[in-house]
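Undergrad: Dumping the structure here so I can ask a few things about it.
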Amino acid sequence: MAALLSVQLKSVLRKRGNAKPLGNTNIYAVFTTSQRQYSSKDGGSEYLHRSIVPTMHYQKSLPRLPVPKLEDTIRRYLAAQRPLLNDEQYSNTEKLAKSFQSGVGKELHEELVVQDKKNKHTSYISAPWFDMYLSARDSVVLNYNPFMSFNPDPKPEYNNQLVRATNMVCSAVRFMKTLRAGLLEPEVFHLNPAKSDTDNFKKFIRWVPSSLSWFGAYMVNAYPLDMSQYFRLFNSTRIPKAKRDELFVDQKGRHLLVMRRGNMYVFDAVDRNGNLVKPTEILSHLKYILSDPTPAPAFPLGYLTSENRDVWAGLREKLLANGNAETLALVDSALFCLCLDEDNMRDHIHISHNMLHGDGHNRWYDKSFSIILTKDGQAAINFEHAWGDGVAVLRFQNEVFKDTTEKPLVSPDSQPAAVDSASAVHRLEFKLDAELENGVAKAKENFDAAVSKLTIDAIQFTKGGKEQLKKKKLSPDAIAQLSFQMGFLRQYGQTVATYESCSTAAFKHGRTETIRPASIHTKRCAHAFVHEPGKHSAGQGFDRHLFALRYLAGSKGMALPSLYQDPAYAAINYNILSTSTLTSPAVSLGGFAPVVPDGYGVGYGVHDEWIGCNVSSYPARNVHEFLQCVQKSLEDIFTVLEGKPIS
C-alpha cells in the first residue's frame, strides 16, 4: 500500500518542485529566502549598509510580465474547474469558455496586448490591481490587512517594550535612509548564491548599464526583483474617498506617529538635516509617551479606519470641515505608525488576534504599515495591502530584525537623553462634533461585531519538514497544499476552490498570481488517502489574465461576457481555502482572515524539521476540527513516505 501511494504522491507533486525559475508557480519562493550576503562596508549609524550595487540598478531592465496566450489561459482555467464540477456542469463551463476564446475574449485579448505594448513602463495587471484594491468598499480590517509577527530578540533583556520599540524605530529609519540614498542592496532571488551573491560579482555588475544589468544577473542564475513598491513604504497612507480611495505619499515628513491607549502622538525621528535623531532622544520620547497619564479618549479616532470605506470617506470629510485638516495631515505624512499596546500576550493565538486586528482603538489601519509592540515586547507588522505585497514588507521586516538584534542602538542600560520630551512630543487632539462622535461609536460597534466572529487556531507538525521532503525529491509547498486538500476532504467530503498567492515580482511592476492547488490529480490523491487507503499498494496562472480581460470589458462599457456570468466562474473565485506561505528568520508567524464568510485563512510555513499552520475562520467553519484533519493528513503523508502502512 505505502509504495504505490508514495509513487502517486511523487507523480502528483514532483512537477511543482521542478518549476522553472521564472514560472509564476515558483516565484513564491522569494518569500522563503532568508540568507543574504551584504557588502562588507558597514553603513554607519545612518545606514544599514552601503551596497556596491545601487538599489534600483536592475529596475530598468527587468523583464516585462508576459500576457499569457488566451488558449493557455482557457486551458488552465478549465483544468482548475475540472475537480470542482460534475460532468454536466463542466460541459457547460467548457462550452462557455471555448465560446469566449473564439469570440469576445479573443477581441479583448487582442486589445489587451495592444495596450500592453503601449505601456512598456509597467505590467498589464498593475493598474487593474491597484483599482481592484482601492475601489473595494469593505473594511481593510480582516478583509485585506495581514500581519507578520517578529521572532523575539534572542537576548531576552532586549525584548523590553521601550528598548525594543526604540531599536525598531531607529532601524526602520535607517532602512528608509538606506533605501532613499540608493544604498540598499537590490532585492535578488539567488539560485546559485556562490556565484551571484559575492563581492566580485557585485563589483562587476555595478558597471553594467542599468538597461542590461538584469541579463548579467540572469547569466549567473540570479533574478532581480521589482522594487517599484518600496517608495510607498514610508510617509504613506491610504486616504478614504467615495467610490475609490487614493494612495498618499509625502516624503517631506520627518515625524513618527505613535499610538498608545488610543491617543496619538508625533515627534521627529529625523532631524532637519535628514539624519536619524539620536537614539537616546528617541528612547526619551517613547518613555515619555509610555508614562503619559492621559486617559484613553472617549472616542478613539482609530476606529474610523476600520469602517466601510465610503462611510469613512464621508466622516473624514466632516473631520476636515471641523478644523482637523492639519492634524490629519500629520497622521497621513508620518514616517509610519508605532502602536504601543498595554497587554501582555498569553500565547500565539492571542498574538495572532492582537496583531491581525487588536481592539481597534490603538491602530491606524490606513498607514502603509504599523509596527505593533505589546507590553511584553512581542512585535509585529500589520500592513495595508493596496500599495504593495509581501515581498517589500518582508524585506523590511528581515532588515529591521537583523539590525535590531545584531546592531541595536540602545541597550537595557541606556539612559534616555536629557532632552525636553514634553516639548518635542505632541499629542494630537481632534475637534469632534456629535455627528463625528456617533460615527466613532458606530465604527466601534461594527468593529467589535466583526472581530468577535473570528476564530484562530494553530498547529506545529513536528514529525518532518523540508529536509525530509527534499530527500524524497518532493516539493515541500506541494505537500503542505495536499494536506489542506486532504484535510478539507476529510472534514467536509468535498474539494473546493483553493487560492495560493505567489509573487510575480521577478517582472517589472509584477504583483501576484494565483496558484490553484486543487487539481484533478490532488483530488484523486486526497481521495486515495482519505477514503481508500487499503485499496492502494503503496508559473503562469490564468486568474490575472481573465481578471484583466474582465476589467478591460468593464472599462469599455461592454456587457459582461457570458464566461463571467457562469456560476462556475463565481464559484472558482469564491476561495474557501485561501492560503499563503512565508518562512524567514525574522518571522514567527503570519496570518490573515478568510476571504469568504465560510472559508479558512491558512497561513503556513514549511521549515527544515517541522510544518506550521496558523488558520482563521468564522462561525460557519470549525477551524479546530480542520486543523485536526490537516494534522492527520500530514501524519498519513509522512507515514507513506517512510514506507509504512496508514493506521
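Glycine residues also receive a Cβ, built from the backbone N, Cα and C atoms like all the rest.
The following feature annotations were taken from TrEMBL:
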type	residues	note
ACT_SITE	HIS385	active site, proton acceptor
DOMAIN	65-532	domain 'Choline/carnitine acyltransferase'
DOMAIN	537-631	domain 'Choline/carnitine acyltransferase'
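Situate these features within the shown structure.
TA: Within the same chain, the residues at least 6 positions away from HIS385 (active site, proton acceptor) whose Cβ sits under 8 Å from its Cβ are TYR133, VAL140, TYR144, ASN145, PRO146, listed in sequence order.
Confidence across the domain 'Choline/carnitine acyltransferase' (65-532), taken as the mean pLDDT and rounded to a whole number, stands at 95.
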Undergrad: In the domain 'Choline/carnitine acyltransferase' (537-631), how many residues does DSSP call helix, how many strand, and how many coil?
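TA: Counting residues per DSSP class in the domain 'Choline/carnitine acyltransferase' (537-631), I get 32 helix, 24 strand, 39 coil.
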